[in-house]
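Can you keep this structure in mind? I'll have questions shortly.
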Amino acid sequence: MSSRGKWSWLHSPITGGILLIIAATTALFWANLAPSLYHHAWHDALFSVSSGFSATIYSISLHQIVNEFLMAIFFFFIGLEMKRELLDDDLSTLKKAALPLFSALGGVVLPASIYYFFNAGTDTVNGWGIPMATDIAFALGVLAMVGSRVPLSLKIFLSALAIGDDLMAVLVIAIFYTEQIFVNELLVGFLGLIVLAVANKMGVRNRLVYYSIGLIIVWISFLASGVHATIAGVAVAFTIPSRREISMGNYLITAKGLLSGLDKERHNKADVLTKNAISSLREIRDLSYQASNPLQLKEEALHPISALFIVPLFALGNAGVIVDDSMLAELTNPIVLGIAAGLIIGKPLGIFLFAKLLTLLKLGQLPEGVTWRHIIGTGFLAGMGFTMSLFISDLAFSEPEQKIVAKVAVLLASIISGIVGYLILISAPVIKKDNKLNS
């Protein structure tokens, strides 16, 4: 078995989904069995900076490190996914991209409107962005559990829909959940982005250039500007090169020549290679890098870090809410009603209605093998807001009580949406290539 095959489970959406469930469950047990320990572990300052004998001028907690630094890396990964999807054949033209992106718009507008309906005129109306989010890791994980009963084109549709959803969520965070903007710091951040864009245009592929400028200049500047630092992650991702240095045809021609030169090493059983062999192998390695897409290489490298470390750690630090008898009374809270109805009803209904409208207008069509039942089931999976919804709830509310109520609503709605979506898809008739239905 190749090393790639041996570790392929690290890239499975099921693995990420299982870890996310374990982390969220652990957070709930931890917060309810040892609430004081949970709070101190995540919110006490890990270190602080003081000026002489004056009070602390800066401190940072584990919760802040996760939400402001590690989540910026997660959003960088999301940005890489967005750019790759937009360049991919499945979304490379307006006609192909229209259905999932327009459906994503419906899955944003209707949930936000439902939340606004329940909370209009109150101090909780600012949470309208919470039910518009989709947790792509959870959604794809559940879809993977359905297996071959759904066509591959549905996974592509869900991925594209989630990318559109994430793009709108990022814009909402940048525009509506930024309280105060310091222009000078923001301009420095934009200057860093311009430098990276120029480097991309000039063909610079050195990852150190993009990581150092992205972290030292862009991320710190955005953090200081008042714009949430996660936006810097997405912005930097769009400056990452996506062009190969050599074509696959030229790669194959050159690689075959180098491999033929290694033919004389066929019978060399010694562990020590000849200088010729070392040189040829090094050239093949460099050639393989030149034939690769830098954007895809970074995305592949970050996927396990994001799915298996950052997102579960975020869930561990943000999903811990104390569940007691008082929570039952909160089930009629406008925050709970708005989030739950938005995710459970608004998401699938908005996605279905906007997709239906586009097909009726002949501006788009369902992917091959996908039925309207699949679209509805996928809509429910998109209602699993979890990570993104928890993240936005932390930005939307300043009162701890409101944050707790919102988190409970997100957890309940995500579980219900996931179960309903799974049941709809697992019970859907299988459509074979001859278009005959099979139960």
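Cβ coordinates are placed from backbone N, Cα and C, and glycine is handled just like the others.
The following feature annotations were taken from Swiss-Prot:
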type	residues	note
TRANSMEM	14-34	transmembrane segment
TRANSMEM	60-80	transmembrane segment
TRANSMEM	98-118	transmembrane segment
TRANSMEM	127-147	transmembrane segment
TRANSMEM	156-176	transmembrane segment
TRANSMEM	179-199	transmembrane segment
TRANSMEM	213-233	transmembrane segment
TRANSMEM	303-323	transmembrane segment
TRANSMEM	335-355	transmembrane segment
TRANSMEM	375-395	transmembrane segment
TRANSMEM	408-428	transmembrane segment
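Could you give the neighbours, burial and distances for every feature on this list?
Under 8 Å from some Cβ of the transmembrane segment (98-118) lie the Cβ atoms of residues 91, 125, 127-132, 134, 157, 160-165, 168-169, 334, 337-339, 341-343, 345-347, 349-355, 357-359, 363-367, 375, 379, 382, all in the same chain and six or more residues away from its ends.
For the transmembrane segment (127-147), the list of distant contacts is 12-14, 16-18, 20, 81, 107-108, 111-112, 114-116, 119, 154-155, 158-159, 161-163, 165-166, 168-169, 172-173, 176-177, 307, 311, 335, 338-339, 341-343, 346-347, 378, 381-389, 391-393, 396-397, 402, 406, 410, 413-414, 418, 421-422, 425-426: same-chain residues at least six beyond its ends, Cβ to Cβ under 8 Å.
Listed by sequence, the residues of this chain that lie at least six past the ends of the transmembrane segment (179-199) yet keep a Cβ under 8 A from its Cβ atoms are 209-210, 213-214, 217-218, 221-222, 224-227, 232, 235-236, 239.
Residues 68-69, 71-79, 170, 173-174, 177-183, 185-186, 188-189, 191-193, 195-196, 239, 391, 395 of the same chain sit 6 or more residues outside the transmembrane segment (213-233) yet have a Cβ under 8 Å from a Cβ within it.
Among residues of the same chain six or more beyond the transmembrane segment (335-355), those with a C-beta under 8 A of the stretch's C-beta atoms are 99, 102-119, 124, 127-128, 130-132, 134, 161, 364, 366, 372, 375-376, 378-380, 382-385, 389, 402, 405-406, 408-410, 412-414, 416-417, 420-421.
Tertiary proximity for the transmembrane segment (408-428) is limited to same-chain residues at least six positions away from its ends with a CB under 8 Å from its CB atoms, namely 24, 28, 130-131, 135, 138, 142-143, 145-146, 149-150, 319, 321, 323, 327, 330, 335-336, 338-340, 342-344, 347-348, 371, 373-374, 376-386, 389-390, 393.
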So which of 14-34, 60-80, 156-176, 303-323 has the most C-beta pairs under 8 Å when paired with the transmembrane segment (375-395)?
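Of the candidates 14-34, 60-80, 156-176, 303-323, 156-176 scores highest.
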Find the member of 14-34, 60-80, 303-323 that has more C-beta pairs under 8 Å to the transmembrane segment (156-176) than any other listed stretch.
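Counting Cβ pairs under 8 Å, the winner is 60-80.
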